[in-house]
């Protein structure tokens, strides 16, 4: 079984910082991922509609229906009750027709009295009017008894279905009603009353929605969703693989025990193939394709390689929620920001493009529940006054002031004092007598009390308030800061509690303690917890335009920095590290909670907001050369190259040969050590050999005793990097794989300094590339002698409305002047988690600066003071992974595609630069016809063809006769040689294969 890192079964569980450091692990690593075949894999959180719950919705035709997706350990089915042409029908896949009259189904389950059916739905005459056509339809079919109803259903069952019950004992129809129809409602001793009542509740809710559209359910409401975590997904997969293994063993055993000639004693353990489970789990986690045959579940891309670009990208990846909704569909509903997502899902962290609003991230304090034992909770409900369903008549179900009690989608009974019942359950939860994640929700509209203890619900902690007064006092907070109490102690003592989305509807939550009224039941722990981990890095996000925060969430994951304390011991395929990362001067509480201050991904740059030289238009940044010399924005790029010495079936294997000092230590083999491998610390250039490998010429056949050196051929591994920054061999690691083959891993290192075109970004979605690098002597400077590291164009502010960036500059300036980190947490001004602008301005005035952050600057070129005050101060800038050295590409000639003979595509394949339709149109507009000819043919795929002037078809060149021949005319008298693009010649031939004959008409030039 693969074990999740930092889980209870992992060796790292419960270890302190010193022990983790001794084991070579980073204490800040979040865990929550698996290591499969040496690769870190994370199983994404999957979003699903909740199972075993009644959902009122409309179908494609606009008909209102009530659906329940039943999910039990044995069965998964979907039951739909819908109204069509004023009649109510049941839709179940197991029946041949999608329209089974609902009254027939109720009669088949033993409810033969029409009066009882009407009473079960409700006494309201409006319900009776909606039910009447269905009752009349049942009478038309002449179905009055249970036997007649079951006979009718027998004719509608699909013939190929088989059930556990044998047909002679009871009909298949009864088996379907018991095991498949509403499978979540158990049937004991053929007592179908609970199922009949459940159908009655479904019909009543559907009729409420028909009479009042407000009673419809919202599928996008977070309370109707469940999140599937890796534990649930892997348990489902394990169950399927285990049953596969058992069936394989059963087949083998049946074969062996059936033989009469068996002499030896049967040993069961020899036929137990546990590899089915091991390989199945490994394959699923490495490919990400979940295939559970029993439930016809086929999902793709459920596990991904953990993003290790930066520490924060790892945190964001672990908390990502993946939807089951089709991303390509242009629907706004599921993408919209729901009010029910408040505090549960981050409103900012979502990608741009087709996945916008569908892929989400958990908020900071969100907890996803796991399944709890149901038996004790059901017993407790009956003890608190719930009247058992089986003891009630149909008429007593919907009496005024009594509410149905529904536990995990199963109707337990009814209660005459719902608020008293809910309060009792909540008091027991706060006292720790029942699970802290049990939810109690009183729905006044539906006259129901919903109790939920199932897994996958999102919930969050809130401070309990008694008549608007918080239960947490100052001495509690002091004990918390001193380490005497923990968060769990607060939970145990009933000072805070977890509420899910549904129960929040019964609560009145104040944002700050000062806003609480006597009716307030809960107070937010902190408003900044509504954001996720990635959005929590942004200072003053509530002062920015909303899309800017979303852009920063995407770019914050691409910023270089530190990924872990053990980053220099790792051997990743590709790793970007900042040489001098810094902690942001203007920080947030989230940064401290997550540990971003210990593993930063940026540097505090002194920024002057002014126009300079014209190289700063369209968000370009003017950079100070001296700052770059001192190490601003400098990064290291690590890349891994591997080599494996293969073993072959004739007992031969690849080998690494010591280079000949006299012959080989020149040219491209200079960096090799005595062992035939590149030495650490050597500078490696393109076409250098880094493994002096040889491979045997004969690899098949019988094993050979001794192989001479002449039987090996050289198979040197050559470095194919590009010219640019000097590349150094950082480390060489030797190991063996599971086949005992020698594996050699080389880690190469490049140190890069920022250059023109490299991408930078502040924490407010203000991205820009380096426009020009200027000598410090030409840069403007202040009267204190401070010279900015970069200059930003002021036109980046008005339309973007990133006021948070301006306040960050002020706060950073105040922080540097007074030696204290300033805070800019979201909505944090009232609670002291964000410094107010007035307070920052006062600090600046005390330290001799202008209150608005502006300084007098002098021109570095003329030495004269500039004609305006310049807004200048420190802003935290991130260097992003997009660098010119990785992107730039050009070619003269190079490889071509075999089929079309045109240049290949893409930088990786050394491809050509495409002249597309728009470029062609532009050249036509300029009248540059020879340039079009040169681009689209001469430099692409010119090909010489022989064309017959008579028939206009392509001929061929006969090398013996040294003349062109027309295949159609069978002579070479009228052949002309001309140049065509090879793709055009190919098109002509492909059209001919479809019986379409294009002919070329030639004329004198």
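Placed from the backbone N, Cα and C atoms, the Cβ positions cover glycine too.
Any TrEMBL annotation is an automated prediction that lacks curation.
If you look up TrEMBL, you'll see 1-277 marked as domain 'RNA polymerase beta subunit protrusion'. Summarising the annotation, TrEMBL assigns domain 'RNA polymerase Rpb2' to 51-228, 304-368, 405-465, 487-518, 911-1001. Residues annotated as domain 'DNA-directed RNA polymerase subunit 2 hybrid-binding' in TrEMBL: 534-909.
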Per-state residue totals over the domain 'RNA polymerase Rpb2' (405-465) - DSSP helix, strand, coil: 13 helix, 27 strand, 21 coil
Interface check, the domain 'RNA polymerase Rpb2' (51-228) with the domain 'RNA polymerase Rpb2' (405-465), three or more C-beta pairs under 8 A: yes
PLDDT averaged over the residues of the domain 'RNA polymerase Rpb2' (487-518): 93
Counts of helix, strand and coil residues, the domain 'RNA polymerase Rpb2' (911-1001), according to DSSP: 32 helix, 22 strand, 37 coil
Dominant neighbour of the domain 'RNA polymerase Rpb2' (304-368) in 1-277, 405-465, 487-518, 534-909, by Cβ pairs under 8 Å: 534-909
Long-range Cβ neighbours of the domain 'RNA polymerase Rpb2' (487-518) (under 8 Å; 6 or more residues past either end): 221-223, 340, 344, 367, 369, 422, 426, 429-432, 436-437, 439-442, 450, 452, 457-465, 467-472, 476, 480, 524-525, 527, 827, 830-831
Secondary structure content of the domain 'RNA polymerase Rpb2' (487-518), with strand meaning DSSP E or B: 13 helix, 7 strand, 12 coil
Three-state composition of the domain 'RNA polymerase Rpb2' (304-368), taking helix and strand from DSSP: 11 helix, 12 strand, 42 coil
